[in-house]
């Protein structure tokens, strides 16, 4: 028996599939089978492999043109081949296993595409493991594969009687456990690309994005550095970013556009009375300019009333009463502002005395000034100014937004109709400003917005991602450029998966990291995955002529 054992061949480690097939003699059977993964992380994976039975050894390759085997093992010591009913699933309907006489040796699992294929493979394996036991075991005719199923499997699955002691524990079997480390960058030969774009099932424990689990893996610095940046702004930024463009950007444009219009009435109407009543012109004009502005705008409201109906007497009487009320408010406000600022103390008495004159002056030329001041109420930024002091307090201190905060409540309480009218008209003025500023600020805001959580898919399998993509469309036709980011099946990095409508399949791009920079190809480096994704929204992906990132998976809002 020992002499027989010496004749068991040892699998060759560096031989291509085609070389093995063309070797004279020895090849019993060759074809594609699904092989179960060998490590704990690959137990649920059944990648398709090109399997060759050659001289009592089994080799499996990634494809029929691979230059070297993915793994190989000798059938020495294996004494039984059986159906693997426990491994039967909807994807693996015809599995079988090759069992060693020693429980310390690995049991190999394969899955055929049909019942006849399984019978054929099991018959050939049975014949190979019984090669040196033909005198004890009847040779099995492969033609039995078409015979009765029970009788066939009964003969094939019967164990071969061999001695355990004659099979040493050390052998020359080997297997590359990085068998699923193949991420094809499609249609382009390159150093990073392996021979096939097979997809692999899900069984990678850590989820893709959540922060709590990532720190547990100390050996994943780049994944941690990537995810630690994105979750922190995920919750806070969306509310401010939705609020800021409405409150911040629109008032800035409104103020830029309205600043000139506000200066014009301030110069035309109140400028001459200031010179008469306020001799010092050093820093006083800026203060009364803002003080008189609210009062003057209130006088514009009565000015609008006589202009629209065209009645002079009633409008003058109502406007005078409004002028008295507003002048009192202005007196209080001016005394408050003067007391807070402190430089001029002699101004409060003359200013209220002149205030009714300003109002009358504004009322007398109402027919002529109506054309000038008619656009002022709709353009006056009453609603936004309430929100502006927060950003504008530091940006434009010279405009003195603080005095405007205090008169606003009084002015809004006294003429509710006028304020509501300005509110409606200002909504019309705010919409174009939002559209204009949205284009300018969108790039800056987008750089700060992290990728949505839905982009990160908790799977290591491309076919699972393809299933998710097809589920987004009732007809099973995903949008071109639909993309997500999944985990790598064996590495600690990420994989960008993109739906290519032209070829009707997903494309896988490994996301590499070097010196805290991310890239798909070495020529273009990015500081973060988000900036890389943004880049490929406008630039064609590597190894493709027209594929762009267009639609993040699971994100319904605008980009």
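Positions of Cβ are set from backbone N, Cα and C atoms, glycine also.
Screening 182, 277, 339, 489 against Swiss-Prot annotations picks out 277 (annotated as phosphoserine). Looking at 201-210, 221-230, 281-290, 291-300, the range tied to motif 'SH3-binding' in Swiss-Prot is 201-210. Of the listed residues (174, 555), Swiss-Prot tags 174 with phosphotyrosine; the rest carry no such note in the record, though that does not show they lack it.
Cross-referencing 183, 519 with Swiss-Prot, the residue annotated as phosphotyrosine turns out to be 183.
Taken through DSSP, the domain 'SH2' (455-553) splits into 21 helix, 31 strand, 47 coil.
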